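Database features (Swiss-Prot):
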- G15, A16, T17, A18, S19, G20, K21, T22: ATP binding site (BINDING)
- T17, A18, S19, G20, K21, T22: substrate binding site (BINDING)
- S106: site 'Interaction with substrate tRNA' (SITE)
- R127: site 'Interaction with substrate tRNA' (SITE)
Amino acid sequence: MAPTPNRTPIVAVVGATASGKTGLSLDLAERLRGEIVNTDAMQVYRGMDIGTAKLPVAERRGIPHHLLDTLTVRDPATVAEFQSWARAEIAEIRGRGRTPVLVGGSALYTRAILDRFEFPGTDEAVRRRLEAELDALGPAALHERLRAVDPEAATRILVENGRRIVRALEVVEITGRPFTASLPTMEYADPRTVQVGVDIDRPTLDARIVARVDAMFAAGFVEEVERLLAEGLAEGRTAGRAIGYREVASYLTGELSLAEARERTVSATRRFSRRQDSWFRKDPRVTWIRYDDPGLVDRAVSVVAATLDG
């Protein structure tokens, strides 16, 4: 069910990975008596900390955070489930008279939470067959199949994202309609919703991504992946396909050198960030503010206030 409309706004901070969303979300939560709701598909997994840039507890400024560390790496997590979890958290936060501040890099998850979005059904037999084909043929082959039946969906889904490719093919098969026909409509489920985007130029973002990946490896990312593999990461239908974790797993099995794993992580993150930016830029409801604007927080607060006055 969609959140019940009330006077409290729903605020979402959006933008590409490494753009500065986390810092702005904390600043807004402090100014708006808010609580953070994670919308990153991978930060829900316990132990996936370094590779997802999950904010340590000590750096959360005492602000309550929701939908972090709720699943094991073996647990699957669908967009429909995430929508249900997040909307429940939003309703509880608003019920306490506080402001939910959503932040995370998963554009589809954010849209599914904020917009009117009813999910098509599932067929476990079809899903299992497609997942077996994914394991046997690889994501590139299934992506080509998707391109043949739903070209628009293929342009929106990364070749590496086998999980979403499988879901798109499943929806096409069981509904007879393009997967894109089931994507969220651009209509908020609750009218008191506002999106603030962190605008950052590509050269600066690319440099930040390199710095972030280097910091991940320096902070013990390889050891994190090694530990999670022992906990079943490779068998995880969702967590097992996370950027960086796949590449390091390939290093640990001897398929890649450490330098290759690092470089592939940088490249995959850059591609992902471009796709994120493209998704969010298509939404005219997002108010974009430069990452280096001295009045970033004040301007964002003003955007929220304007929504309340509207």
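Placement of Cβ uses the backbone N, Cα and C atoms for every residue, glycine included.
Locations of recorded Swiss-Prot features on the structure.
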residue : record                                 : Cβ within 10 Å
G15     : ATP binding site                       : 28
A16     : ATP binding site                       : 29
T17     : ATP binding site                       : 22
A18     : ATP binding site                       : 24
S19     : ATP binding site                       : 24
G20     : ATP binding site                       : 18
K21     : ATP binding site                       : 25
T22     : ATP binding site                       : 21
S106    : site 'Interaction with substrate tRNA' : 20
R127    : site 'Interaction with substrate tRNA' : 17
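Recorded residues R127 (site 'Interaction with substrate tRNA') and K21 (ATP binding site) have their alpha carbons 34 Å apart, per Cα-Cα distance. Between the C-alpha atoms of T22 (ATP binding site) and S106 (site 'Interaction with substrate tRNA'), the distance comes to 13 Å.
Residue pair G15 (ATP binding site) / S106 (site 'Interaction with substrate tRNA') shows a Cα separation of 9 Å. In the three-state DSSP reading, T17 (ATP binding site) counts as coil.
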